[in-house]
Amino acid sequence: MKTIIVFLSLLVLATKFGDANEGVNQEQMKEVIQNEFREDFLNEMAPMSLLQQLEAIESTLLEKEADRNSRQKRCNGKNVPCGSNHSPCCSGLSCEETFGYGWLYKSPYCVIPSNG
């Protein structure tokens, strides 16, 4: 019976002092949670800012590529009919009436430009 009284008194004392320290513990827990939240927030923001930077770089590169028209449109090669009904000649070729094919098919052909 004496041991039960001793344990009950210890329980009451622990509860009383536990409540007194609980306010301090709650403040410490709030600080820890806030610090962890800040670290998590900063850790999440770092990849997001990196992602935003990469997207900005990618968009500028795509704009440059779109501005310079890096891909050539479909064109006709050498000795292929050209004109208003056909695709334009590729770079380095010109659409000219030729003696070889033009008189037979009655259309100009893509040929290497003459210097004369």
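Every residue gets a Cβ built from N, Cα and C, even glycine.
Here is what Swiss-Prot records for this protein:
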DISULFID  Cys75-Cys90  disulfide bond
DISULFID  Cys82-Cys95  disulfide bond
DISULFID  Cys89-Cys110  disulfide bond
SIGNAL    1-20  signal peptide
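Reduced to three states, the DSSP call for Cys89 (disulfide bond) is strand.
In this structure the C-alpha atoms belonging to Cys95 (disulfide bond) and Cys75 (disulfide bond) are separated by 12 Å. Each of the disulfide-bonded residues Cys75, Cys89, Cys95, Cys110 was scored by the other Cβ atoms within 10 Å of its Cβ; the lowest score goes to Cys75. Among the disulfide-bonded residues Cys82, Cys90, the residue whose Cβ has the fewest other Cβ atoms within 10 Å is Cys90. Separating the Cα atoms of Cys75 (disulfide bond) and Cys110 (disulfide bond) is a whole-number distance of 10 Å.
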